Amino acid sequence: MSPVASKEKPHAVFVPFPAQGHINPMLQLAKLLNYKGFHITFVNTEFNHKRMLESQGSHALDGLPSFRFETIPDGLPPADADARRNLPLVCDSTSKTCLAPFEALLTKLNSSPDSPPVTCIVADGVTSFTLDAAEHFGIPEVLFWTTSACGLMGYVQYYRLIEKGLTPFKDAKDFANGYLDTEIDWIPGMKDVRLKDMPSFIRTTDPNDIMLHYMVSETERSKKASAIILNTFDALEQEVVDALSTLLPPIYSIGPLQLPYSEIPSEYNDLKAIGSNLWAENTECLNWLDTKEPNSVVYVNFGSTTVMTNEQLVEFSWGLANSKKPFLWIIRPGLVAGETAVVPPEFLEETKERGMLASWCPQEQVLLHSAIGGFLTHSGWNSTLEALCGGVPLICWPFFAEQQTNVRYSCTQWGIGIEIDGEVKRDYIDGLVRTLMDGEEGKKMRKKALEWKMLAEDATAPKGSSYLALENVVSKVLLSPRD
């Protein structure tokens, strides 16, 4: 990655959607561009900025002279944490209220003696209000869709699913009567997909459903961007990226971002130390993993937004216990809907010699640890990519959004996962864990995951497809005048 040669640094303003899974890859890309010579302003919501300071310490977001944090309001009541867990509310509020404070921030930055003028914007694919600001200020904007390419294609096709009468559902019975098994064979670049494999916001009977219409609007507005960035790589999703390229502005597949990010030299440790976690990390789990045999531990983490019932928590607990496998299980605050997650005391007693529970962890490092043999996951895109980079096979339990699409591809196209299909029952979970860790199917998936790991490393190595895509999006878009 050659640094930018310029008398005055280019200044990129980054705007992630205010959720953990969106902030993480956005921060990795921001740090990479800073390493390449960009001045960075990273814009969190006021609410999330405060949460990060609480989880990481009061100086965590002091930044560096060339990497600054700023905030804008999200339009919701300042102290209402529940409102931030209501995704439709957050999407509706940010899309309607954030433009004016964002433009005011850009004006402030442009007149600040402490930073060069803003030269480009890198914004989340679902923060398209920023496009109006880019147009107003006459600067290029790249949209970073933090989804898989197959997930993005699912969203891009929402308007056709509506046109064809496939969504909204005609009747609540359609959720469970086999309707979701309807084959969808007309989406360019996608094969062997069903209605149930589309991003989950189609699962509504409400013709005015906020998320359905929000995603139609955001994908349509994406056409105004100077370019689109995806955190994927050509070998993994070439067919669907090619199809997307006929529907959207130029697409640059620059992932998995964690690989070039990990290559930033140690003299930039101040930059690498800038964190993005909304929860405090437990790093003790890495020491615990050091005591375990290679490929012996099941890692369990359902991400930052999944919610389950207490009954499901209990069934997962006993499924893990009965498998007799060592496990590291991340149970974040809020995992169980409306109550504190409490695993059965008998489960704790039964597994005390082989299990570890924590509330959050440095997942990338965990998935790169030699002790990890399998990953029970919600199949968010970051988790899927991080597993690929570690060569770790998956048991998939999707919660919402494009996780359903990621699962379909993980299990049928990429050969790295098995899906929990149906109700969460302890015997079923026990059987899947044993299959993953000891069975022939698990061995095949591990072999496939290691093949993808090597292809990901090839893509991000010098002259690899993702390496060149990142160089090109910098030189052709971010350092060029707006068309």
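Here the Cβ of each residue, glycine as well, is placed from N, Cα and C on the backbone.
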For the UDP-alpha-D-glucose site that Swiss-Prot lists with GLN363, HIS378, TRP381, ASN382, SER383, GLU386, GLU402, GLN403, give the additional residue from the candidates THR130, THR146, THR167. THR146
Near HIS378 (UDP-alpha-D-glucose binding site), how many other Cβ atoms are within 10 Å of its Cβ? 23
Counting other CB atoms within 10 A of each CB, which of the binding-site residues THR146, ASN382, GLN403 comes out lowest? ASN382
Most distant Cα pair in Å, residues THR146, GLN363, HIS378, TRP381, ASN382, SER383, GLU386, GLU402, GLN403 binding UDP-alpha-D-glucose: 20
If you compare CA-to-CA distances from HIS378 (UDP-alpha-D-glucose binding site) to each of the recorded positions HIS22, ASP124, ALA401, which comes out shortest? ALA401
Do you see any of the binding-site residues HIS22, THR146, ASN382, GLU386, ALA401, GLN403 whose C-alpha is within 10 Å of ASP124 (active site, charge relay), and which ones? HIS22, THR146
Through the lens of DSSP with three states only, how would you label ASP124 (active site, charge relay)? strand
Rounded to a whole number, how many Å is the Cα of ALA401 (anthocyanidin binding site) away from the Cα of THR146 (UDP-alpha-D-glucose binding site)? 12
Check each residue in the chain of GLU386 (UDP-alpha-D-glucose binding site) that is at least six apart in sequence and keep those whose C-beta is under 8 Å from its C-beta; list them in sequence order. PRO256, GLN258, GLN363, GLU364, LEU367
